[in-house]
Amino acid sequence: MDLPLLVLLLPLCCVSGLPFYNGFYYSNSPNGWNAGKGHGEGIFNGVKLVVETPEEILFSYRGANVTLPCRYHYEPALVSPRPVRIKWWKLSENGAPEQDVLVAIGLRHRAFGDYRGRVHLWQEREREVSLEIRDLRLEDYGRYRCEVIDGLEDESGLVELELRGVVFPYQHPQGRYQFNFHEAQWACEEQDAVVASFEQLFRAWEEGLDWCNAGWLQDASVQYPITQARHPCGGLGLAPGVRSYGPRHRRLHRYDVFCFAAALRGEVYYLEHPEKLTLAEAKEACQEDDAQIAKVGQLFAAWKFHGLDRCDAGWLADGSARYPVAHARHNCGSLEPGVRSFGFPDPHSRKYGVYCYRPR
């Protein structure tokens, strides 16, 4: 029994004007699903219930509002309206539990968990039951199911939401292959990012990401993207692609990690300062400028989506020193755009400036 849904539904059984509830909850069993995207359909008394959702992936940005489309209709068409129940939930990903998002019966609805206050049912047109999510967060991306329940019949459709972002490899300050899976998750979160999914890494590889160190992905597999085959990276005999070590033990095995940072709403900038700074002085300088020292994920996102281009190395919050190059040129590192790294220098050295982040 879905307890939150039951708590919502039980008080409604005696409310005038609302659909009759007979004490049974018709589970979202996979046996009743349309497994793919697009629409699902079910037949009762010669009438077919059809749920329509888009087949293409929806892309949006962190902090934005997005509507996940869902409509339903009957074939043949029915003249009189019928009472239905609506349920939206987020599907399980990589071992994480399913998340109830919203349920609605007539004019009553309830949101759950972190979605409270951020979601509502969008019903601009007849039989539209789209879900609007406001102020998108990093963890909101994934697959959502829209279920329409009419009496004993229920049909559903799938909507896939992806955030615009950038994948970047991340190493421990002490060197390569230091993170177990749980430490890798924490490391990405500390950089305003999450562990990347395979789909995100594959898309980054298609865009040219080439990295020879293996890293954790969201499903606890370990992989690395190669665009140019070479001896130190699996040899010349293997074609370019995303190489995989397969699933690894989450506690015992140690690798680097691939993080995913979504596009920013704030601003990352190099702080103009009369002299170079230690790490502690860098953090203080950003605070004096009504900002905070930038994180690695924020610098990558500013480089990727705002074209941040600066040839001066600066401190970041994790103690690394990096600089973003949007337009490659001589005397500014390699002749490829990217975020250059000086690793993790002595925090007391005065060789670097600082990159600050100011939220909007």
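Every residue, even glycine, has its Cβ placed from backbone N, Cα and C.
For Cys311, the disulfide partner named by TrEMBL among Cys286, Cys332 is Cys332. In the predicted model, the domain 'Link' (266-358) has a mean pLDDT of 96. Sequence-distant neighbours of Cys332 (disulfide bond): residues of the same chain at least 6 apart with a C-beta under 8 Å from its C-beta are Cys311, Val325. A simple Cβ count within 10 Å picks out one of the disulfide-bonded residues Cys212, Cys233, Cys311 as the most packed, and that one is Cys233.
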